[in-house]
Amino acid sequence: MSTSPPSNETHLKPPPSDKSNNTPIHVRAGLEDVDRDDRRPAFLLTYPEVKLLGIAGVGFFLDAYDLFVINPVATMLQYRLYGGNDLPAGLQGLLKAAANIGSVIGQFLFGYLADSLGRKAIYGKELMLIIFATIMCLTTPTGSLSPDSCLIYLSIFRIILGIGVGGDYPMSASITSDRAVLRKRGVMLAYIFSNQGWGSFVGSLVTIVVLAAYKGVMDGKGETSKVDGVWRIVVGLSLVPAFGTLYQRLTLAESTRFIASQEKEEEEDPIAALKKQQAAEEAKAEAGSPVETNTEVVDAAEVVKKKAHFKEFFVYFSEWRHAKLLIGTCMCWFLLDIAFYGINLNQNVVLQQIGFDGKGGSAWEKLFKVSTGNMIITALGFVPGYYVSVLLIEVLGRKWIQIQGFIMAGLFLAILAAKFHTLSKSGFIVCFSFLQFFFNFGANTTTYCYPAEVFPTRFRASAHGLSAAAGKAGAIVSALAFNSLSSKIGTDKVLWIFVGCCFAGAIFTLLLPEVRRRDPDQVLAEEIEAARCERK
């Protein structure tokens, strides 16, 4: 049996590490070099970190803004297109699900492209798509097309909008995780995701302000058709933060961590090479032939490195220890979004229970009351939950927060389901506020953080995009099925389904490790070295 010279093995060993920092030197990000000696609390950020959050967070602001304005916009379109009557059920479902349908496409597409072509080459393109789609939504010809055609037109461009919004998930997560120091990584990701809370709050606030400006025309003069201007202004104002950060995204430099991972990949693909070596060793052992030398392993790696990133992705996740992580992140996000979007895309049911459904009164009064109810719900539970996550994510860890979030959300959903027809208005508000709180101080935050922290740099964006796409698939299921199921079996029964999703999510979380202070690039290097030692 031939042996390999020691000099040929050094390039497969784990990269050297600095004693003062657990992160390998060759994968350390720029911020990590700057903040290595920073001993302040993790939630206190430096100026470069705040600037990065401002650039990366706008996508989540726009995602939530769109999610929460689509409900009042759909109500406005009832008055503009259908004389106050309900939108056709099928088209209403399509309108609400359109952005999520596009998100599924955008999340995996942009995630794959970010890993294969680089973050810098792709970042900002998703925001350009959002801007284009938003402008096209504003051009919906409500005066010339039939009502149904207007909804179809709007839905088509909302799908394109969703592709851009979906693309922002893996892009911003990877951009941030690539640059963050380990002790602040979770905080920075949670800060970025907290922009969802502000997006929903600002969406409700903008709707209220614009409606107040139109009160004289709509309520005083009875010109309900003027609502056409209200929804266009509400949607169009989302262009302000989009244009405000476009240049910074397009000019953001590539992270040193990603460059290092690509340079390593260009040298060799050690995982695939080791798999090929193992297969060759087993085949030759069965045939009684000597195992291949180290030179032959390098030759195998030279062939492997020419494969597309898509094949490398499957090579990596063909191992159960890696596949179970992807299954865990995908299933947790899928189950969460069935419940989360099932509630938040259909807040009219909740608003009805707390007396803010806008029944009775003029069109303006109904719209104003619904928007006020949305803002109350957001302020009570949405925003606080995000910031408790920011404060505690590096203290309690992701796994604990996710499991308790799923369990507590399931418990409050169970209370709402069991007492749906008998719970008092104040009791309903309290339960729903706690439900929203534990969604956000829980799985809604951590399902975003986990894929950005558990997977190594070279597969991070693709895995995050696939996980996020699984989540949006759950959102689509809720958007399309909630109304029909509610009419058939009752809203309380649908809430019990959401309870089951939450408890199942807690179980799937057990597949995932705690990732606090865990460097997936270092883990990958150690796995490679351990595999090489087994070959000796």
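Our numbering is plain: 1 for the first residue shown, then up by one each step along the chain.
A Cβ is built for glycine as well, from the same backbone N, Cα and C atoms used for every other residue.
A mean pLDDT of 84 is what the model gives for the domain 'Major facilitator superfamily (MFS) profile' (52-517). What TrEMBL records for 52-517 is domain 'Major facilitator superfamily (MFS) profile'.
Taken from TrEMBL, the feature region 'Disordered' covers 1-31.
Taken from TrEMBL, the feature transmembrane segment covers 52-74 (among others).
Taken from TrEMBL, the feature transmembrane segment applies to 126-145 (among others).
Annotation source TrEMBL lists transmembrane segment at 151-169 (among others). A Cβ distance under 8 Å defines the sequence-distant neighbours of the transmembrane segment (151-169), meaning residues of its chain 6+ beyond its ends; these are 59-60, 62-63, 66, 70, 77, 81, 87-88, 91-92, 94-95, 98-107, 109-111, 122, 125-130, 132-134, 136-137, 140-141, 145, 448, 464-465, 468-469, 472.
Among the features that TrEMBL reports, transmembrane segment is placed at 189-214 (among others).
Panel annotation: around the transmembrane segment (229-247), residues 54-55, 58, 61-62, 65-66, 69, 72-73, 76-77, 80, 124, 127-128, 130-131, 134-135, 137-138, 203, 206-207, 210-211, 214, 218, 367 of the same chain, lying at least six beyond its termini, place a Cβ under 8 Å from a Cβ of the stretch. Marked as transmembrane segment by TrEMBL: 229-247 (among others).
Among the features that TrEMBL reports, transmembrane segment is placed at 325-343 (among others). Within the chain carrying the transmembrane segment (325-343), a Cβ under 8 angstroms from the stretch's Cβ atoms is held by residues 67, 100, 317, 350, 402, 406, 409, 413, 435, 439, 443-444, 447, 450-451, 454-455, 463, 466-468, 470-475, 477-479, 482, 494, 497-498, 501-502, 504-505, 508-513, all 6 or more beyond its ends.
Residues or ranges marked as transmembrane segment by TrEMBL: 375-396 (among others). Note on the transmembrane segment (375-396): residues 42-43, 68, 183-184, 186-187, 190-191, 193-194, 196-198, 200-201, 204-205, 208, 347, 350-351, 356, 429, 432-442, 444-446, 449, 516 of its chain, located 6 or more positions outside it, place their CB under 8 angstroms from a CB of the stretch.
Residues or ranges marked as transmembrane segment in TrEMBL: 403-421 (among others).
Within its own chain, the transmembrane segment (427-450) has Cβ neighbours under 8 Å at 169, 173, 186, 189-190, 193-194, 196-197, 328-329, 332-333, 336, 339-340, 343, 350, 353-354, 376-378, 380-382, 384-386, 388-389, 392-393, 398, 401-402, 404-406, 408-409, 412-413, 415-416, 419, 467-468, 471, 502, 505, 509, 512, 515, counting only residues six or more beyond its boundaries. Per TrEMBL, transmembrane segment is recorded for 427-450 (among others).
TrEMBL lists 462-482 (among others) with the feature transmembrane segment.
Residues annotated as transmembrane segment in TrEMBL: 494-512 (among others). When Cβ-Cβ distances below 8 Å are used as the criterion, the transmembrane segment (494-512) is approached by residues 324-325, 327-329, 331-332, 335-336, 338-339, 342-343, 398-399, 402-403, 406-407, 409-410, 413-414, 416-417, 420, 443, 450, 454, 474, 482, 485-486 of the same chain, each at least six residues removed from its ends.
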